[in-house]
Each structure stands twice: as C-alpha cells, then as structure tokens.
2 protein chains.
Amino acid sequence: MSANKLVAPEGRADAPARETARRARTRERLLDAAYRQFSEHGINGASIEAIADDAGFTRGAFYSNFGSKEELFFALTERENRARLETLREHFSRLVAPLGETGGKPAPAHIEGIIADVMSFQPDIRQWCLMQSEFRLLALRDPDVAPRFLAAAQSFQRELATMIDTAVRAVGVRFRIDALDLTRLLVDQFDSAMQEAILAGDEDPDRSVREKVMRTLPLLVHSLTTTLDGD
Amino acid sequence: MSANKLVAPEGRADAPARETARRARTRERLLDAAYRQFSEHGINGASIEAIADDAGFTRGAFYSNFGSKEELFFALTERENRARLETLREHFSRLVAPLGETGGKPAPAHIEGIIADVMSFQPDIRQWCLMQSEFRLLALRDPDVAPRFLAAAQSFQRELATMIDTAVRAVGVRFRIDALDLTRLLVDQFDSAMQEAILAGDEDPDRSVREKVMRTLPLLVHSLTTTLDGD
C-alpha cells in the first residue's frame with residue numbers, strides 16, 4: 001500500500017480538518033478548566049457553568065462536547081492517565097534499556113535510581129491526588145459510575161504493569177509475583193504517600209512523596225524479583 | 001497499695017456512676033447512629049438532626065456530647081480503630097504465640113493461614129471503607145481536619161506495627177524493612193482491596209477482599225522477613 005493513499009487531495013480536507021482541530025482545542029480548554037475547578041472545589045462544588053466560564057465558553061459549548069460532568073471527568077482521567085503513561089514509557093525505555101543484561105538482580109541502589117528518575121516526572125501531585133480521591137469516592141457511592149471508574153483504573157494499571165514487566169525482563173530479571181499485583185502495590189504506595197504528604201501539609205509534596213516512596217519501593221522491588229533462571 | 005482504696009464506700013458513688021454510665025450509653029448510641037448515617041449519606045449528607053433523631057435523641061443531647069460533626073467523626077474513628085486493634089491483638093496472640101521459635105522463616109502458606117484468620121474478623125468492610133474514604137477526603141480538603149486525621153491514622157498504624165513486630169519476633173524472624181513501613185504497606189493493600197471490591201459491586205466484599213489480599217500479602221511478608229540471625 002502506498003503512503004500516498006492516506007493523504008487527502010490538496011485543499012479538499014482543509015475545512016473539516018480545521019473544524020476537527022478547533023473542536024479538539026475546545027475540548028482541551030474545557031478539560032484544563034475542569035481540572036482547575038474540580039481540584040479546587042470538588043466534584044459537587046464545581047458547576048458546569050463555572051467550568052465553561054473558566055474555559056471561556058458557554059454552557060452550550062460544554063454540552064456539545066460532554067454529556068455530563070461525569071463524562072468530562074472520565075475524559076479528564078483518561079487524558080491525564082495517558083499523559084502519565086507516555087512520560088513513564090519514555091523514561092523507562094531511556095533508563096532501563098541501556099542496562100542490558102546484568103546477569104543478576106539489580107541492586108536496590110540501582111532500582112532506587114530508576115524509581116527516583118521515573119518519579120521526578122510526576123507533575124501536580126496535589127491537584128491530581130485531590131481529583132482522584134474525589135472521583136474515587138463518587139464512584140464508591142454511585143453504582144452507575146463505579147464500573148467505568150474501575151475499568152479506567154485497571155486499564156491504567158495493566159498498561160503500567162506491561163511496561164514494568166518489559167523493563168525488568170530487558171534487565172534479565174522477573175518478578176516473583178504477578179506483574180499486575182506488583183504494579184498495584186507500587187501504585188497504592190504512591191497514592192498513599194501522596195495523601196499523607198497532603199494531610200501533613202508538606203510545603204513540597206512532590207519531594208516528600210519521593211522520600212516516602214523511596215523508603216520501601218526499592219527494597220520491595222528487589223525482594224520480589226529473581227533472575228530469569230530462578231536465582 | 002491496697003486494692004480496697006480504689007473501691008468507693010458503699011452507696012456513695014452510685015449517683016455519679018449511674019450518670020457516667022448513662023452518658024456513655026448516650027454517646028455510644030449517637031456513635032452507632034452516626035456510623036449508619038455517615039456511611040449511607042456521606043459526611044455532608046448526614047445532618048446532626050438526622051443523627052440525633054436516628055439515635056432517639058434531640059439536637060441538644062448531641063451537642064452536650066460532641067462539639068461538631070467532625071468531633072463525632074473522630075470519636076467514631078477512634079472507637080472503631082480501638083475495636084479493630086483489640087480484635088487483631090487477640091487473634092495475633094492466639095495464632096502466633098503457639099508457633100514458638102520455628103528456627104527459620106515461616107513458609108508463605110503458614111503466613112497465609114495467619115493472615116486469613118486475622119482478616120476473617122474484620123467486620124463491615126463496606127460501611128467502614130465508605131466512611132473512611134469520606135473522612136479522608138474531608139481531611140485532604142480541610143487543613144483544620146487534616147492534622148488530627150493524620151495523627152489518628154498514624155497512631156493506628158503504630159499500634160498495629162508494634163503488634164506485628166512483636167508477633168514475628170516471637171516466631172524468630174524480623175522484617176527487612178521498618179515494621180511501620182511494612183504495616184503501611186499491608187494497610188494500603190487492604191484499603192485498596194476494599195475499594196476495588198466495592199467498585200466491582202461484589203456481592204460478598206469481605207470474601208473478595210480476602211482473596212485479593214491473599215494474592216500478595218503472604219509472599220510479601222515472606223520476602224520481606226529474615227531470620228533474627230540474618231538468614
């Protein structure tokens with residue numbers, strides 16, 4: 001198949017393309033506004049009017065893009081998860097690939113370096129944590145929201161698990177527990193450290209989350225890995 | 001000191017004792033009602049009127065016992081944490097003490113049995129999880145509530161950590177990580193399994209939490225313990 005087949009004849013596709021791009025920008029601005037409003041006022045406190053207004057649009061523009069506040073919330077979660085996974089993927093491949101086969105388990109200090117680097121690229125810990133806590137509670141209380149929330153969380157964990165599994169296999173080790181179970185363990189530790197940093201009123205939550213996570217994660221990963229030949 | 005000194009002369013202390021007992025019963029009934037109302041309607045949804053009414057008291061009776069809804073919530077958390085710790089303590093000592101010195105690390109299957117037994121005594125997983133999630137979110141958002149919430153959570157974790165540490169030492173092993181860090185890990189895994197069971201709409205959340213926790217906890221404890229002489 002020639003690549004030319006995928007290119008629209010000159011000029012023809014411009015108007016729909018512009019429309020699509022404009023629509024995408026509107027959605028992005030609504031999502032940005034929603035992030036600000038949700039994390040500041042909570043799900044119940046943030047009205048659709050306030051979100052539309054913050055983004056510089058009308059209520060009508062909101063509803064032509066999202067059916068409800070919950071739908072917007074799911075779109076926002078998906079966008080943020082996507083962005084985080086992309087960043088993690090880049091850093092994993094940049095950091096882990098050059099290690100090659102070490103012929104043994106990487107030392108905790110080594111694992112520590114990788115986790116520290118990967119974690120230093122998690123933006124907006126405070127806002128993200130508040131938004132997630134809020135959304136999780138809504139899902140825990142609302143059986144209509146719960147399945148979709150759980151599916152989004154599990155999809156994130158599965159992608160991250162595959163990424164982590166690929167990374168450790170490239171280094172010549174494997175986990176002694178299911179990669180998904182381990183991923184859950186890491187994600188839970190991270191979430192819990194985020195919450196604790198916020199509760200403690202830490203001025204630099206990002207740094208204190210890193211410090212907390214470093215107390216357990218490297219040893220945890222080290223203890224739960226073994227060489228591919230069962231060392 | 002004679003034990004007799006602690007006993008009030010006959011008849012004299014009856015009235016104040018009755019008053020104290022009556023007051024304690026009122027508090028207990030308000031706490032029971034609050035548990036029902038909070039877990040059903042959430043913190044914001046449960047009014048002081050509804051709680052007092054559910055307990056069969058007036059608003060006045062509420063305020064003569066608790067200064068605010070948050071204070072009631074803290075009292076409830078403390079009561080529930082206390083009850084859970086007591087139950088755990090009984091089961092730990094009943095289960096772990098007879099093991100004695102095994103002269104090596106207990107096998108994961110053995111640890112599994114202990115955890116299964118300890119966990120089978122966690123009542124009301126759903127209600128407790130909802131109440132805790134709600135309270136945690138309130139604390140995350142309110143800097144006035146946060147320090148006290150964090151202190152209560154940490155005090156629970158410290159007591160549990162001491163209990164776990166004592167139990168494993170009695171068996172002749174020690175943790176390769178700080179007992180408090182390990183406890184946090186276990187508590188987080190438990191919380192996360194509770195939330196997932198509720199989100200998944202499991203008909204028997206207690207059972208599915210046990211199943212989930214069993215996938216990781218025994219191996220985790222096994223991997224992170226070593227014999228006292230560093231085996």
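Each Cβ is built from the backbone N, Cα and C atoms, and glycine gets one as well.
Worth saying up front: this structure is predicted, and the values here are computed from it rather than measured.
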TrEMBL annotation of DNA-binding region - which of the ranges A:27-46, A:47-66, A:107-126 it falls on:
A:47-66
Kindly point out the range from A:1-23, A:70-92, A:185-207 that TrEMBL annotates with region 'Disordered'.
A:1-23
Can you work out the mean pLDDT of the predicted model over the domain 'HTH tetR-type' (A:24-84)?
90
